[in-house]
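The block underneath contains the structure these notes are about, expressed in structure tokens.
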Amino acid sequence: MSVLIFAELDEGKLRKSSQEAIFYGAKVAEQLGTSATAIVIGQADESELATAGRFGATNVLHASDAKLNEPNGMAYATVVAAAAQQEGTKVIVLAKSSLADAMAARLVGKLRAGLAANVVELPDLSNGFRVKRSIYTGKAFAFTDLTADVKILAIKKNTITVEESDATASVDTFSPALNDSDFGIAVKSTDKATGDVLLPEADFVVSAGRGLKGPENWGIVEGLAKALHAATACSKPVSDLDWRPHSEHVGQTGLKISPNLYIACGISGAIQHLAGVNSSKVIVVINKDPEAPFFKSADYGIVGDVFDVLPRLTKAVQAL
Amino acid sequence: MKILVCVTSVPDTTTKITFTDNNTKFNKAGVQFITGPYDDYALARAVELKEKLGGTVTVLNVGEADTEPVIRKCLAIGADDAIRVNADPTDAFFVAEQIAAIAKENKYDLILMGRESIDYNGGQVHGIVGELLGMPSISPVMQLDIDGDTARIVREIEGGKESLEAKLPLVLGCQEPIAEWKIPNMRGIMTARTKPLKVVEPTSKDTLTNVSGYELPAPRGNVKMIPADQVETLIQLLRTEAKVI
Ligand SMILES: Cc1cc2nc3c(=O)[nH]c(=O)nc-3n(C[C@H](O)[C@H](O)[C@H](O)COP(=O)(O)OP(=O)(O)OC[C@H]3O[C@@H](n4cnc5c(N)ncnc54)[C@H](O)[C@@H]3O)c2cc1C
Ligand SMILES: Nc1ncnc2c1ncn2[C@@H]1O[C@H](COP(=O)(O)O)[C@@H](O)[C@H]1O
């Protein structure tokens, strides 16, 4: 009956977003009067897996078959479905990511489970099973009743404030049968930035637009990001022009993020850009045009030239 | 090459969203409907592949009669024919079952969708359809080339991308820069009027979720402006007032 949380690894460590998913899942388990089990797939040390206990999981199922070393949404769905069956799970929780989204959709088909994506609060169990989720790219919320026997909740970043305890989780090896048909996609190469703060997971984001004039000027954006331990992001024209990689593009047709702090530099604030960032907790806008629409959606604003303001902000952060 | 492109009809990206009937209905008054921006990328690549390799492009929408302008526009852009499943697309599983039923009948080599719809942003229909058909699904796809029965794909992952290879048939969720959005020309618009648009009834009615109401986000408070000669105070305010750093 336990609540099952799909916890993702990044280089052998539990992802920050997965810690939040575990904490959220443990709270749902409390509501339902049951316990929380995390399913982790891939290579990781037992001591690392036991840290799932800090966020509220009592048990971790660890699937470490070498065939699962490459992230694979289909094969992972097979593993999670087997875990759900073993545990008699009715509620599965995960944090949105490219892998988790692919996995969750396949699970819907396998288990005929109702999936709510972009969940922003704990469920309301007073009358069935109701969740609040973000729709229209952050422009509204829908209250959704999950009517199927098995329910999957894909949570957005910053849905719940995580508290840690000093508990540890027990770790069990989990070795379900795998399907050959899940391994039809061959990964030829991976090209991934390492060492940087991952944008979807970042608490702080420094983002820049066409106001930066050209890719050669990104040093001042990276400088502030580095001082804050922030990730960098950009507007759509900036990635269209190849000034920055596509994976940094936020907005309607890019990533949707909800960090604690979003600093927008030389971005006008078009509605399609706002759609991707408007659920950030605090928004700072720096623009030389006092009429820039972004100021209407900001918490703090500076009318000024980014080439002057950014280096000064970086110094002020370094002085903290 | 037989390609199916699944498209949504969604409010234009500049729409101000509002609800009526005590927050239980989306207010369509004055709203301009467009093809889902990600679906538009899928369609553009499908038309390019057809031009290069030959074959057909069929457009599919699960929706009521008011989605037909969007379907006609897809035909004007270069799809050969269209199917509309006549139903309110209430739930991703419901939509996926309709798409899977049509795909079983017609055996497509490629089923292209958008990475996500911009109304419900579920990003799930492609994966569910893949599972229902026993086909691999991949999303979000940024690059797609076909070489015989093999697809070469570049997919976005957190902080980068991945190059993949898989055998057809496949279900793909697409995003930029897979192709440039296409704008219909006059000739396209003329021929679209006579291209076949078949309307069929849904084959099943199962849903797994049900929306009971809506809410708009609370507006942000007033912006606090910081004079340009004192920008350093922003950092103090973020620490002491906003308490985020
Ligand atoms: C269907 C659709 C989907 C879209 N999806 C997205 C999306 O996902 N993400 C996205 O970002 N956009 C998206 N767009 C595009 C969007 O409409 C805007 O065109 C885009 O966001 C503008 O980018 P920008 O603010 O960087 O550039 P601009 O609009 O050119 O703004 C540049 C800003 O920089 C300021 N500036 C210039 N120089 C300086 C300086 N020295 N110091 C300070 N400020 C300066 C200017 O005052 C201006 O406000 C989409 C559009 C459509 C139609
Ligand atoms: N009602 C629908 N009719 C046809 N295709 C759809 C429909 N809803 C979703 N899709 C397709 O599935 C993709 C993902 O949608 P979603 O899972 O709702 O985010 C969309 O980009 C479309 O390609």
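Cβ coordinates are placed from backbone N, Cα and C, and glycine is handled just like the others.
Note that TrEMBL annotation is computational and uncurated.
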| Can you pick which of A:R133, A:R210, A:R312 TrEMBL lists for the same FAD site as A:G266, A:I267, A:S268, A:G269, A:A270, A:I271, A:Q272, A:H273, A:N287? | A:R210
| message | So, three-state DSSP: helix, strand or coil for A:R210 (FAD binding site)? | response | helix
| For A:I267 (FAD binding site): intrachain residues, at least 6 apart, with Cβ closer than 8 Å | A:S207, A:A208, A:G209, A:R210, A:G211, A:S235, A:H273, A:V285, A:N287, A:F294
| field | Distant-in-sequence Cβ neighbours of A:I271 (FAD binding site), under 8 Å, six or more positions away | value | A:Q252
| note | For A:G269 (FAD binding site), the same-chain residues 6+ apart in sequence with C-beta under 8 angstroms from its C-beta are A:V285, A:N287, A:A292, A:P293, A:F294, A:F295, A:K296, A:S297
| said: Using a 6 Å cut-off on Cβ distance, which of the binding-site residues A:R210, A:I267, A:I271 come close to any atom of ligand 1? | reply: A:R210, A:I267
